[in-house]
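S.K.: I have a structure here, written as structure tokens, and I will follow up with some questions on it.
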Amino acid sequence: MKLPSALRPAALARYAVTTIIVVAAAYAGWQLWDHYEVEPWTRDGRVRAYVVQIAPDVSGLVTAVPVQDNQDVKKGDVLFEIDRARYQLALDQAQASVASQTVARDQAQRDARRNRDLGQLVSAEAREQSQTKVEQSEAALAQAKVALDIAKLNLQRSRVVAPTDGRVTNLDLRVGSYAAAGRGVMALVDSNSFYVEGYFEETKLPRIKEGDRVSVQLMGEARTIQGHVDSIALGIADRDRSTSANMLPNVNPNFNWVRLAQRIPVRVHIDDVPAGVRLVSGQTATVVVDDGTQDGGKQGGGTAPAANPGAAAAPSTSSNTSTTTQSPAPRS
């Protein structure tokens, strides 16, 4: 049916508006799909650092704890001491034993030399016995020297020092407590080892390369940490497969029709931390990788410049803290 000429402009306008709305909705839908399903970003990130479990190598009563919980320490600082008087006495005893065995060895050597000088006046059996005593005394002296070295080592290790710069945490030790060898009494967070680990869906890995620039947003922190992709994990555990007792693969016969993308760890080296931002190992972070397709693309391929080895250490020496991004988007 032919529309009256007066209605044609209004109809055309409606058709045009409808077309624009449909195109805009399709474009917005495509952009959302690309953002959430393709673009390399994730809210599943964590700030990580190396944590040293501090445990004594010798047992005994704790006589001094010069540090407090959450205190920054330098490499070589004393963390605590264990009954040094007892281990000093053990060292003195070992030194006395070495002196005694040295005297016995010297006497055995003199007796053996005297028997050799007497020649046929002494039986061959006596000469052989005197030489055996020399060898036995030398072995006893060597054993005493080893015991002396062990006593020195025990005395040295009765004073536990920080193996690296960091912050003491979870300190559960007081003067008078009994510390057992090999049992952890505190943790030391290495302040020079902070990095970020993002867990990306496997569908996003093709757009992530080593060296790509990365922006990290910490939870509750408005400022952004800059870094670059350091490495990508080459393997994760397969929960549907195990190894049987005869070393044959044991594969789960059930298959889920709904297949979720696996998450692959991507390690991010921290290049720059804004002043005042605290890094705490374990805090949540949003990780966004600049793969060269955002903001008109990256110049120079988007590869980060050579990182300053001390860049990540500076913020963490002041405090071991971590920050992660608040992202309005759902988990990616």
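Keep in mind that glycine also has a Cβ here, set from the backbone N, Cα and C atoms.
What TrEMBL says about a protein is an automatic prediction, not a curated fact.
Remember, predicted model here, so these are calculated numbers, not experimental data.
So TrEMBL has the following annotated:
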type   : residues : note
COILED : 127-154  : coiled coil
DOMAIN : 51-189   : domain 'Multidrug resistance protein MdtA-like barrel-sandwich hybrid'
DOMAIN : 193-289  : domain 'p-hydroxybenzoic acid efflux pump subunit AaeA-like beta-barrel'
REGION : 290-332  : region 'Disordered'
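Describe the structural context of each listed feature in the structure shown, including burial, neighbouring residues and relevant distances.
M.R.: Confidence for the coiled coil (127-154), expressed as mean pLDDT, is 92.
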S.K.: Please work out the helix, strand and coil residue numbers for the domain 'Multidrug resistance protein MdtA-like barrel-sandwich hybrid' (51-189) from the DSSP assignment.
M.R.: 72 helix, 29 strand, 38 coil
S.K.: So if I exclude everything within five residues of the ends of the coiled coil (127-154), which remaining residues of that chain have a CB under 8 angstroms from its CBs? That is, six or more out.
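M.R.: Sequence-distant neighbours of the coiled coil (127-154): 58, 87, 90-91, 93-95, 97-98, 100-102, 104-105, 107-109, 111-112, 115-116.
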